[in-house]
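**Q** Sharing a structure here in C-alpha cells format.
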Amino acid sequence: MSATGLGPVRCAFVLLLALCSRPASSQDCSAPCQCPAGPAPRCPAGVSLVLDGCGCCRVCAKQLSELCTERDPCDPHKGLFCDFGSPANRKIGVCTAKDGAPCVFGGTVYQSGESFQSSCKYQCTCLDGSVGCVPLCSVDVRLPSPDCPFPRRVKLPGKCCEEWVCDEPKEHTVVGPALAAYRPEDTFGPDPTMIRANCLVQTTEWSACSKTCGMGISTRVTNDNAFCRLEKQSRLCMVRPCEADLEENIKKGKKCIRTPKISKPIKFELSGCTSMKTYRAKFCGVCTDGRCCTPHRTTTLPVEFKCPDGEVMKKSMMFIKTCACHYNCPGDNDIFESLYYRKMYGDMA
C-alpha cells in the first residue's frame, strides 16, 4: 500500500492512541466537581438530561454506539449502559443496549436502544420491541385574535416544519364579526372571573389518556398564563394497570366493575424512575358485555419521581375520582381514540 493510502489509517491509529492515553481525571470521578456556569445544557429531541456518573453536573446522555466515560454516562431511559470491555481499561467505553427485543419500523429493523428519525418531523427510539417518537416540529395551537385574525400554517420552501403566518384581514368575511362577538361584553359576556388584563381565559377539556392501560399522556390547550398565549399542557395518566386481571373482580350477576378497589397502595413508574410516595389511586374497571369504562371525573396533582441516578423530577398526573362505563369504545390502534371517549368533568387543575 502506498504512503498516501496509509495516511488516513495512520491518522486514525494516532487518534485512537490519543483517546486511550488521555488522563484518567477527565473520565473518572477523582477530580473535584466543576460544572459549567449558566443553565443546564439543552439536549436534542429524544436525548435525556441526566446527572453525570459522578453525581456532579447535568449532561446530555450519550446514545447508542457513542463513546462514554464515568463522567459521560449513557442514556438510562433507553436501557443503555457503558461497556468498558476489559476491566483493566476502565476509561473509555461504548454505549451498548441491554438485552431487548428489536423493532421493525417502515421495513427497517432497529435494535433496542437505537434512535432514528422516521422523517424530518419525528425522532424515534426503539425500546424492547416498542417504538416511541417525539415531534421535532412545534405542535402549538393558535386561534384567531385581533392582531392575527387569519392564522394558518404554511409549508415554507426548504423547511420541514410548517410555520404560522398571519394573513391580512379581508372585508366582508365571517371571521371579523366572529371576533367582535368573541370579545367580552357587559351583559352577555363570559364569566367575569375568567377575564383578566384584556385576556379571555380559555381552557379545553383534558383529552382521553393515550393508553387504555399503563402509563400514558393526556393533553389540553389553554391560554391561562402571564402572556395570554395558547399553550399545550400535558399530564401523566393511568386508566388501569396492564397487569391487573379485573374481570375476576366482577360480582356474580353483574357485567361491569366500574371502579375496582386496589388492595394496597402502589408506586408509579416512569422511564425507570419511581414515585417517591405511595398512592392509593382509583382505576377504571372493565365490562364483559362490550362496554368500556373510562375516567369521568378527575383531578390533577404533582407527583415526584426519583431516578436511579438520583435525579428527582416532578410531573403532573391525572388521578381518577369516578369512572363511567359506556358503548362509545374506540377500536384497537384508533388514532382518533380521544373523539370517542366521554369528556372528563370537574377537573380541579
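Backbone N, Cα and C atoms are what each Cβ position is placed from, and that goes for glycine too.
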**Q** If you pull up Swiss-Prot, which of CYS242, CYS325, CYS329 shows a disulphide to CYS287?
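**A** In Swiss-Prot, CYS287 forms its recorded disulfide with CYS325.
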**Q** Which candidate, CYS11, CYS20, CYS54, CYS56, does Swiss-Prot give as the disulfide partner of CYS33?
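**A** Disulfide partner per Swiss-Prot record: CYS56.
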**Q** Consult Swiss-Prot and report which candidate among CYS256, CYS273, CYS323, CYS329 shares a disulfide bond with CYS292.
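**A** Answer per Swiss-Prot: CYS329.
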**Q** Check for me: which candidate out of CYS68, CYS103 does Swiss-Prot give as the disulfide partner of CYS82?
**A** CYS68
**Q** Does anything in the same chain, at least 6 positions from CYS292 (disulfide bond), have a Cβ under 8 Å from its Cβ, and if so what?
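**A** Sequence-distant Cβ neighbours: THR212, VAL286, CYS325, HIS326, TYR327, ASN328, CYS329.
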**Q** DSSP says what for the region 'Heparin-binding' (247-349): how many helix, strand, coil residues?
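**A** Tallying H, G and I as helix, E and B as strand, the rest coil: 7 helix, 42 strand, 54 coil.
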**Q** As a quick check of your reading of DSSP, tell me how many residues in the domain 'VWFC' (101-167) are helical, how many are strand and how many are coil.
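**A** Taking the domain 'VWFC' (101-167) as a whole: 0 helix, 33 strand, 34 coil.
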**Q** By DSSP assignment, list the helix, strand and coil residue numbers for the domain 'IGFBP N-terminal' (27-98), in that order.
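**A** Helix, strand, coil within the domain 'IGFBP N-terminal' (27-98): 6 helix, 19 strand, 47 coil.
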